[in-house]
Amino acid sequence: MTPSGQLLPLTRPPPPPTAPPVLSSRRSRCLPPARAHARGSPPPLWRAHRLHDRFLHPTPQFRAPARAPRPPTPPGVSAAGGGEAQAAAVAEFVTSERVKVAAMLGLALALCNADRVVMSVAIVPLSQAYGWTPSFAGVVQSSFLWGYLMSPIIGGALVDYYGGKRVMAYGVALWSLATFLSPWAAGRSIWLFLFTRVLLGIAEGVALPSMNNMVLRWFPHTERSSAVGIAMAGFQLGNTIGLLLSPIIMSRTGIFGPFVIFGLFGFLWVLVWIPAISGTPGEHAQISAYELEYITKDQKLVKPQIGSAKTKKVPPFSKLLSKWPTWALISANAMHSWGYFVILSWMPVYFKTIYHVNLRDAAWFSALPWVMMAVLGYVAGLVSDMLIRNGTNITLTRKIMQSIGFLGPGIALLGLNAAKSPIIASAWLTVAVGLKSFGHSGFLVNLQEIAPQYAGVLHGMSNTAGTFAAILGTVGAGFFVDRMGSFRGFLILTSLLYFSSALFWDIFATGERVDFDGTG
């Protein structure tokens with residue numbers, strides 16, 4: 001046999017009868033059998049030259065640009081049948097364990113927001129029952145943010161240390177306890193009641209970092225936007241549940257009925273979450289080998305090692321803050337929170353003061369946009385994942401999604417400012433809030449991409465900035481209206497902030513992993 005790397009001679013002895021074929025499994029361009037040379041005779045000279053030239057001048061292989069990995073064909077389905085394989089892939093996704101994780105995260109975030117906004121409905125009857133002044137009612141409303149301001153960074157560090165499953169379980173149990181005890185606390189002392197609201201804020205500060213951690217561990221990068229879309233759809237539907245169901249429950253059970261019911265649902269969620277969900281796919285007892293391979297084939301998941309030197313290391317805050325992509329995330333979260341809390345807090349009052357709509361109708365006008373945000377948030381996740389699977393650069397995808405999430409609301413708020421009727425205004429508000437959800441496939445997913453090992457801390461840092469912006473925007477809107485006598489100027493200011501934040505994001509954001517440890 002010719003040694004490896006040696007050129008083939010022009011002629012060669014006939015191969016032994018048991019020798020394997022010289023050519024590879026590639027289809028041979030042989031002559032018809034009637035004209036083919038005998039097996040035992042040497043190959044024709046022209047064919048030997050062709051073999052010789054093939055080794056001397058190998059044909060260069062064209063390599064297509066790298067694309068994001070596509071989901072493997074589910075077991076039992078032929079890869080050739082495109083439609084059948086696509087249907088099987090969709091069925092596998094819907095029934096997979098990772099979708100159950102996303103659904104449970106969505107339920108947790110729905111409870112998170114429902115427990116938060118129930119005070120917006122209860123504040124009027126509570127003020128009447130306890131004789132609170134409007135200014136003190138504002139203090140009660142803001143007490144949630146006092147706790148929420150303290151916990152995101154600490155909660156993010158705990159998520160990076162212990163993992164999202166454990167921290168989310170403790171967080172839901174704690175905020176459900178605070179909600180459940182609110183009626184008892186209000187009957188004992190106003191300070192005790194304020195403490196339960198602060199405790200609610202502290203516990204809910206771990207919700208979004210825990211969600212991000214679970215999505216990072218349970219979903220490949222081509223499905224993370226969809227997973228975040230499912231989870232955040234629950235977050236937005238929590239607004240609708242809290243705003244619309246709380247008055248109905250109060251009319252049948254009293255002022256504190258929603259606090260008790262929502263608290264009990266939180267305890268029930270924890271009882272399901274602990275045995276049904278695992279921290280990583282590899283720890284799940286019922287996950288299929290196919291799904292486990294699909295999730296982990298393009299990522300290296302490391303189970304938190306409690307007590308190890310690596311996990312005990314303090315996050316490098318100075319290095320995190322020294323990179324422009326970090327400031328792009330902080331700026332995006334701050335602008336997102338500014339617009340979110342201004343709309344959530346002031347739009348019912350806006351409809352009442354500008355269009356003289358009664359408060360009940362104003363609540364309905366203000367609730368509709370959150371439903372649209374839940375729907376479009378999931379659609380945005382699907383579009384984002386589709387772009388990445390089709391080869392679009394991750395950085396470009398995140399910039400497209402976030403640009404829509406900022407430019408869309410900025411333009412829509414200008415339309416809201418010019419609306420002449422409450423119906424037209426509600427339509428513009430729905431567009432603004434709906435397009436705002438595209439940011440969930442921008443900055444919210446980007447946290448996992450630039451620093452997966454510090455995603456929880458980064459989320460906490462940006463969330464703290466977002467809470468400051470929420471307080472500033474919510475309080476600033478009230479002062480602006482007192483001084484200027486109208487919301488219209490404040491809406492123009494918010495639009496300009498949206499446009500400038502979109503520009504800052506498009507310049508400094510990236511979808512690539514950033515070296516925060518100084519190892520590269």
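From the backbone N, Cα and C atoms, a Cβ is placed for every residue, glycine too.
Bear in mind that the values here come from a model prediction, so they are computed numbers and not experimental data.
TrEMBL lists region 'Disordered' for one of the ranges 61-81, 292-312, namely 61-81. Sequence-remote contacts of a segment are chain residues at least 6 beyond its ends whose Cβ falls under 8 Å from one of its Cβ atoms, and for the transmembrane segment (487-508) they are 324-325, 327-328, 331-332, 334-335, 338-339, 342, 346, 350, 353-354, 399, 402-403, 406-407, 409-411, 413-414, 416-417, 442-443, 473, 476-477, 480-481. Just going by CB pairs under 8 A, the stretch in 144-162, 167-184, 228-249, 255-274, 327-347 that sits most against the transmembrane segment (367-388) is 228-249. Mean pLDDT for the domain 'Major facilitator superfamily (MFS) profile' (101-512) in the predicted structure: 85. Between the transmembrane segment (228-249) and the transmembrane segment (167-184), the number of CB pairs under 8 angstroms, six or more residues apart, is fewer than three, so the stretches are not in contact. Among 167-184, 425-445, 457-481, 457-481 has the largest number of CB pairs under 8 A with the transmembrane segment (327-347).
As a quick check, the transmembrane segment (255-274) and the transmembrane segment (167-184) clear the bar of 3 or more Cβ pairs under 8 A, pairs 6 or more apart, so the two touch.
Within its own chain, the transmembrane segment (167-184) has Cβ neighbours under 8 Å at 105, 108, 111-112, 115, 118, 155, 158-159, 193, 196-197, 199-200, 202-207, 209-211, 213-214, 255-256, 259-260, 262-267, 269-270, 273-274, counting only residues six or more beyond its boundaries.
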